Each structure stands twice: as C-alpha cells, then as structure tokens.
Amino acid sequence: MSTSKKCIIPIARDTSPSRTLSFTTLTDGKEGTHMSLSVEELALLDEIQRRGRDNSSANVRTGKISVSELMGCGDKNADKKKRKKDRSGSVMTATNNNDYHHCLPSMIETSNHHGISVDPTTLLDVAGWKIPPLPPGLVSLTHEADRRPYPSTLPTCIFEKAMKAAAMVHAGSQLPPISAGHNAAGGGSGLANAIQIPPLELIRLLPPFSPMFPLISNGMQRSATSAQSGNGIFTHGLGTQRQGWPVTPAIAQLVERRTVEYKLTSLGNKNGGFGVSGHHHYLNNTHGVQGNAAQVNGNNQQRNIQQNQKTRKPYFMPYMSLDAVNRGLVNGDLIKGVLRVNQRNYEESFVDNPMGDEQQDILILGVHDRNRALHGDVVVVRIKDRNCWVVRDALYEAWRNGNLKARVDDNGQPLTIPPIKRTDSEIELSPAELLDLPICVDKCISSEKLKKDVPVTRNRRYSREQMLCIAAKLELERRKRVIIGDADIDPIILSTISRLAIVKRTDSPIGLSHSGVSACGVSISSSRVNTLSTRRSGTGSSVSVQRRSNYRILSDMPDEDWGIPDICLQKTAEVVFISEQKNCRAAVGMLKMMADGNRNWALFSPGDSRMPRMMIPAEQTPATFFDRPQDFAKFIYVARMVEWQATAQFARGKLYKSLGMAGDIEAETEGLLLANDVDTREFSQAALSSLPITEAVEWKIDEKEFKYRKDFRDETVFTIDPSTARDLDDALHIKPILDCDGAGNPGWEVGVHIADVSYFVQFGTELDHWAFSRGTSVYLVHKVIPMLPQILCEELCSLNPNVDRLTFSVVWKFNDQGEIFDEWFGRTIIRSCCKLSYEHAQDFIAHPERDFVPSELPEIFNGRKSDEVKEAILRLHKIAVILKRKRFENGSLYLDMPKLNFALDEMSGMPNGLSLCERKESSFLVEEFMLLANIAVARKIESAFPKTALLRRHPPPKIKMLRDILEKCEKVGFTIDGSTSATISSSLRKYEGDTELKRTIVQMLTHLLMKSMQLALYFCVGSLKNRADYAHYALSVPFYTHFTSPIRRYPDIMVHRFLSAALGYSPAPGLTVKEVETIASHCNDRKLTAKTVSEASDDMFFGVFIKECGPLTERAVVIQVLDASFDVLVVKYGVVKRVYTSRLRLAREPRFIEGPCPSLLLYWDSTCDSSNAAIEQVISMCSVVEVVLSSLPEPTKYQAVLKQPLDGEKLSLAEIVALAN
C-alpha cells in the first residue's frame, strides 16, 4: 500500500477555548506519526486553502511581512468581518486578536462534525502561488540588496521551495508527534488520513532569516495550566505561546532561530496583495514586545492604519537589540569584528573570519548590507545564506577541471562532491556562445567554419565573418588550455593568430570606443551577464568581449555547480549591529545643491569615498550658497555625521567650518587631520603644570638622581638620526673591555640609551591623559603633530649633545663574534658628544680609511675627536652585521616598501623635487641595536609581570591569501616558498641585487606579499591564553615590545613604567588585564590612524608635485588585473596606482580573460602605417608597461594612464629576467 496523500483534519465537538487537534499519518496502511494542531494552525490552513488562489495574481507591497501574510491573509483587520461571514463553523473564531500570529490560547471554538480535506500537494502549491518573481539584484532574503555589484537574481525556484518549507513548518511541522493512538481529547485515533510532516530535506531549505521574528524553543517547559498540563509550550518570537507538544530534536535543530519575515520588492500596485497595516503592525511589535498586543477599538485601528501608511519605507535593516546580539555571539550565529572598507570600491567591505587565517575574509557587498557602519567600526555581522556567497573564480575553475589542490573543505571535511562531467556535445559551443555575442551571430559564421584556417591577407583586412572566426579560434584554444590546467595560450599559437592582426573596418562601428556594438553590427549591453556560455561550458572561464560583473555569486551558477565546495566560495554577510563607533564620523568634502533643488538641505560630498554623503541643514550653509552655489565649488569644508536613520538614503550631518580653497596644502592638511580625529590643540596649562619647567631655559638634573643612576657621561655616547630630526630619543656607546665572558677574554661593552620620558610623564597626571589620548606622534611631509609638548620633545627629553640627560639603558657585553655574555638594565645619565645624521655615519662606514676634517662633521663635544667617533661607528657596524645575519638565519623577514622624500620650496612650501628614501647600512646599524633592546626588555617585563605586561605581537599572514599570492607568483615565473618567515626571506634574497631589474623584482614581490601580512598589535599578555600567540612573525622572536621611542609612542612610556617596577625603582603598576588591554587597543587604533594620515600626506604632496612638474612618463609593472582596470607599481617612486581602461583611447572594448592569472586584451589604433591595423596589447601580472602620471581636475588628485605601446612590445618582467640570465 502506498502512503496516503490526502489528509483529513477533523474538528472535534469539544468547545474548550484552547483545544488542540491531533491527527496521524498512515504509511503502508499502518498508523504512523501523530501531530497536534491548535485552532490557530487550523485557521491558517483554512485560510491558505480558501484564499490562496483568489489572491494569487495580486501584487505584493514592499516591506517585511510575516509568513501568514505571505500565504494570503492580507489585511487582517479589513478581512476580519469577511472571514466571520464566510466561515461556516469549520474553524473557531479567535476573538480579541487582530493577527493569527499574535493570537492567544484563549479562543472560542464553534463545534463542527465535518472534516476539512487538505491535500498536501495543494497546500504547497498554494503557498508557492503567493511568491512573486524577484526583480534583478534581489539576492538577500532579509532585505533588498544593492543593484550592483550583484549580477543576477536569486533563482525563483529556490525561493519558492524555501517559502513552501516555511509554510509547512509554520503550519504545524514544528509540532512534534504524540503517542500513537491518542488524540487531543485522550481518545483513540481512528483517522484514516492525516497531514504529513514535510521531509527534512525540505525544511533544510529554510534560509537563516532575520532575527526580527525568531522561533526559539524555551527548553520544553511544561504549561502550568491544567487544561494544557500534558502539552509543551513552544515560545513565539513575539512572546505568544504556541500550543502543542514538545518539539522533536530533528525539527527543533532545523527550525530553531529561524524567522518568518522577508522584505520583498514592490511590483507596482500598492493597493493589491497584502495590507499595509499588517506590515507596520508587524514591524512595530518586534524586538521584545511581550504577550498579547494592547486591544484597541475600531477607531484607533483605523487611525493606526492611516498613520502607518504615511510611514517611510526602511532603506536599511533595523539593528538588532543588544540582548539579541549577545545571544547571537554566544551561540555562534553572529560574528564580531572590525569593518574594513575598500578605499577603491566603497561597496566592498571586509571583516576578519573568526575561523582563522586559513579562511578567506568575510565579504560585505554593498552599502545596504554594510547598514550604516563606517570604516574602522567594530560591527556585528550575520553570515548570509550560502547561495549568496561569492564564487572565487580561480578555485572554482580548478575544482571544475579537477585540479583543486585542497583535499579538505573549509569545515575540515574531505571534498567528496566531484564536479558533474559534461559530454563533448555540451562542451562544443558555437562561435556566438564562445564570444558571448547574440545568437544571431551564428548566421554570420557557423561552427563548421571554425575548423578551417583563415588565410593571412596582404593588407591584413578581413571581413566580419573572418574576424569572428579568428576571435572564436583564439577563445576556443584558450579554453582547451584551461581544461588541461594551463591558462596560458601557447606562444606559438598566440603568435600565429596575432599575425592575422584583426583591424577595425572603416565601415564597422566597432572601432568606436565603448560603442556597445558587436562585430556583426548587433547592439549588445556591456553589462550583459555571461549566462549562456557559462551554463553550457561550466568552466566559468568563458569571457565576454564586454565588461563582466565584479562578482559571481552561487545563485548565478548553473544547477550542476551547486555542489561546489565551500573552499571555492567566499562568505558574505550583513551588518546587524554596530558595537563600537571607532570612526570619528568627520569628513572633508564639498557642498553641493540637492539633486531635486530642495533648498532646505545642502548635500555634503566627502572626498573619501568610504564616507557617506550627508544632508546639511540650510541654516548651517553660507549665506548666499543657494543663490550662487558655483561660488562655493572651490572651497572644502569639514562636516561630521550626526545621525543616519534606517529610513534615510543619506546621513544627516553638521557643517563645522570652511577650511579654505581646495588644493591649498594647509587647508587640505587641516582637513586630513580633522577627518582622522588627530588632536592638534595646544597643550593646556594643566597638562604642562607637572613639568619642572615650561619654558626653553636651562634645566638641571636633581642631585638625588645621581645617587641611584649609573653615570655614562664619560663614555663616547652619540646619536644617529635623520638630519631633520629634533626629538632625539636614542643614543649608543661602545667601548672595549678586558673580560666579556668572565673567563678573561676581551670584548666590547655596548649600550643603548633611551630618553627617560616616564620620569617627566607620571602616571595619572593631566599630561599623561593627553599623551594617552594622542597615542603617537603623527608625521606629515612638512610637519609633525607631537604626542608630547615641545618642551619635552625638543628640550628636556631630547638627547641633545653636550647636555646631561636622564635615560633608561640596556647594556650588553659582546665578543668579536657577536655573542652576548651579559645583559644589564637600569636608569642612567648620559651626555652625548655628537649629533650624527645617517649620512655622516654612512660616510664613516663607506670610507673607513679616510680622515674626516671638522667641517665635514657636526660639532663634537666632551673632548672627543672625530677618529674616536669613527672607530666607534665602525665597531658597532661590525657587530650589527653579525646580529643581522643571525637574525635572518633564525627566520626574520624584512618587508618594507620604499618611502618618498620630498624637497620643499623654502618660500611656498610646495614640493619641487622628490626621491626614494634609500635605506643604507647606517640605518640598519641603529635598527639592529634598537631591536635587540626591545627584545631584551620584552623578556624582562614578561617574566616580571606574566599577566599585565604590555608587549607587541605580529600574527602570521593570512594563509589563504598568502597561498593565492604565491600561486600567482609561481605562474608568472617567481617561485617563493611561503612555509615560514625564514623560507620567504630566503626566497626573496635570490632576487636581491644592485641592478634596477633586481630592485624592481624585489619591490614588486614585497608589495604582493605585504597584502597577506597582518598588522602588528600591542596587547596585554593576560588577554591571550596561548603563549605561542605572543610571538612576532616577521622578527621570528617569542617576545617583543616597544621600548626605544617614548617621545613619540605612548606604549613605550608604559613599557618604561613596567621595566622601572621590574627593577625596583617604582611600585608595580596597579592595572588589571582589562585596563592594560584597553590601553593597548587604543594605541593600536592611534598608530593605524597615524600611518593612514602619513601615507595620505605623502600621496597629497605627490599629487601636488605632479600638478606642478608633470605629466611624468614612467616605467611600471602590472601587479593585479581586474575586468576593467589593472594596478601598476611605478617603480621609480614606489607608488601603486590603478589604470582604468575607460580612460584609454582604445580601438574597441578590451577583453578580459579569466583564469588563475587573468589578463586583459587591449586593442589600440595603429599609428605606424596607413593600414590602420590595430595593435593588441596583453596586460597580465608582471607585464612591464609605461604609464603617464597626470593631474586630475580635483586638487591634489592624479591619475595613471597607460601609454600606447609600439608594435611588438610584449615582454613581461619574468621574460626580461629570463633574457638577462
């Protein structure tokens, strides 16, 4: 016997107000699973059956709706009377209730001996009938997502299945079976037919809906009422209790924390479909509304309807409540992290994956999913449904072609789902499908003609048919190479096809750049999705002549690719809560008129694309702005975001001040500092009052300091700093000793002396609060924003020559082999004999035999001679070389991008020259001893304060990102072993050299590897459970901290205090682990801000330099290729800039070729001869190109434009290396 398809739900004669009904399923003629339905569910089933088909063609209003509305209930208030009239008694009336979702157990039931016949198939169909087709771009089930960069829609079939599953679950499938043979009344079950619980496969299709309406079990508590003493209670998200038996574990696991609300896009008629009042009633009762809604009379209901109809549609999803966020974080449904917004594309944001560095960062696509959070904010995100995850093209192709190296998925499980193989007939494509052109192209050229060769003509002019044939051959050959695992075309084949030199015909419109017209004269859209060829080939590497979308998401893929492993996908998420607003919400920009001419508001447009546009009240704008807005287009302003409501597209801001003319260095710099919340105020008198002096007069050390400090004033102590430095916070000395190891062997005493800033900045003082708030000094091109008052930075703490200064010192005993035999820490007093620059020290190292005259050196004090200073520098250099070699042998990794050094005009302050800061041996000399001191102090304070010491750690690189970069480098000819920091370092040393080519290679590889590296962080040791996490990856040491720059870094002051306590000079800091971690976190934020501001200052001055001295034509190397742009590294200046193909004067639209190493084919007009033949240029990773750097109309901004190459110029960096070898 077969399983019964028809289910009969009998209505008992019992009139108890909270009656439940039981029914069973019959499988093969045997009594099976029992279920229980309350009157609420019965009414819902009846409503589905009765009203489903009537409303199937109605339009759907915009907004979040409940499942009951989705299934046809519509406006409950308007339909209440109609339901009472139509209902013949089969379902009892639920009084004092306006929505079945909010009904109470106290219901009055009208008895009826007739049963209701419900066919499960019909139930599912009716539930699906209410699903409208989704518009393009709607991929989120929780709210309407951005139109871009989503390439297509969520498959309607998947949405319907999810809705059907939701309908079944809500209709009672979460109600568990009861004991066989018993119904609600306690009698035997004699039902011949009953409703069936939907299969688990159907329930699994339920997506993780919004938590606005959660269905969370309350732990199966028993009801206290006698009428329901045998029934469990299933707690509804809005506080109402659903009557039924305890939830079965299988169903509860699948249904728990699901919600039943969606935001659908309006399809037009607002009066059709669902009632507006139900929507807003639902929204207004979310997040903690308990129990039954307050009863209102008919007039109040009508008034609420009218008011709700005027309510604005939410533009963003409302934030979750704090309680819901905390629960979600505890149970793992939500993730907390720092939001990073892509500066080049504000629609891309990222949050670190909590699963570890092996995982790809979590991607947040679009402004809507970012949900009003700004760059740097600490946010809470919810992972979106898997069908919204982004397909990683390179890994997808590897999986599709069977070349995926990984054997386990992201969840640690083995990869068991192979790609569905296709027959040869499915792989064979027509020319139109190969080129992603309209099907009518097949009329121009057939598949048979692809098998024939195209003859090379003398004048290199071809018909459209021949051109299509050539292009299709090239694409077909490329796909064959991809299938066998080699994305590169054979150079011989490429050369043969390139000799055909397709040219633009004078009678063809394709020569017009971005004409949007195909080779056969058919108009095609540049944004058309490559759907047909992708479905037919399944390789995902088929490329359109037109520009493709930025991303493919899983829902775009053909059905056979839905088994793709998670390792080939990147998770996407949406922001549901802002935990901490770290972004200061200030921006620099310009004022504009509103697009609709509204004079009540002005539009503030920030220069930083990561900041939102703001609406500024008219009363805050300049007096004549609305009459003559063009007069204010040249000025820049500072505005701060005040609020950003969920119903508003634009944030509301407050205009603070006009900075001046756009492009003015001082105005732009002030705006840069204000936008990054850099404190530029003068120090208050309260802050300065704790200092021994407040004016630049001679200050003498208190006599009591000489009693316990070690005196190094008689040693040859000197400083080595940049020539422009004024805050001299470190000094060195070296002298020979007779016994370095206790065995009578001679050696050297080396001391590192650091300004004792903690002596002047006492903990808890007003000055300490100022220093902590600033966190670090901010270095701009033309000035410094100091962390401490000038009197400290340049006088009291600066280790100026020929004056006594208080220091904290680390002193070692070395032998000639660089081995350390003794280490001493203590407070000291020094008197520097000389202020050397790096250039002076480098001259000593480069010319050891030379006798330097006094005019070549700065003044030397304390009776020292230049030869003594030179000998000290040379001896320190020898030891530093040994220390550096040992450090790199132990796995240290040095990655550093070159920094620009500007020459400024003395009168105007404008840049009139620049060069790269070249690091020489003298700078490495100082660096080695500073590193050694930092490592030694870290060990000391960690052993003394194993819970509260402040250290600095450097996490390993993001493994997945590093692996991708290394694979790309290997494919273009540069093999790097990324196993450890030591192997990366040794791999890079293979390419080091003094030639321009070698320096270019190292600079390019360094930039690529830097992308995978994480930032070093200050931390409290007690905040980490594993001591292995204390390590510094780049330095390859277990402990590290910052001790050597207390004038410009607040963490160094804290470390001085810990070291002072460890040595017994002062009591232990009375700080908890949480307090130290708070200090560390704040310092991390300020250090990152200072780095950002410094880099922005460099970029601003570089833009001004190009405007004054440009345009500049420079050699560059391609380091990344995108679908409509590529990034280049301008080798001479170390600047990375994006080149957009839309700004190039091309003969036709460029062609993007996907693969592990993607490339762009550019087609240039020929200027060499009268044949008008096009020049094809292949842009791929490591391509060597020439770019023109020129200024843009926006002040301080500049662009990079590719210079048209000469015919035959196609060598890449790897090919140049091969030729050189």
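Heads up, the Cβ atoms here are built off N, Cα and C, so glycines get one too.
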Residues flagged as region 'Disordered' in TrEMBL, choosing from 71-95, 521-545: 71-95
Coarse DSSP state, helix versus strand versus coil, of ASP730 (Mg(2+) binding site): strand
Rounded inter-Cα distance in Å - ASP721 (Mg(2+) binding site), ASP729 (site 'Important for catalytic activity'): 9
Where ASP721 (Mg(2+) binding site) falls in three-state DSSP terms: strand
Average model confidence [pLDDT] within the domain 'RNB' (709-1065): 92
Close in space, distant in sequence - ASP730 (Mg(2+) binding site), Cβ under 8 Å, 6 or more apart: THR719, VAL752, HIS753, ILE754, ALA755, LEU799, VAL926, MET930, THR1044, SER1045
Recorded positions (ASP721, ASP729), the one with most neighbouring Cβ atoms at 10 Å: ASP729
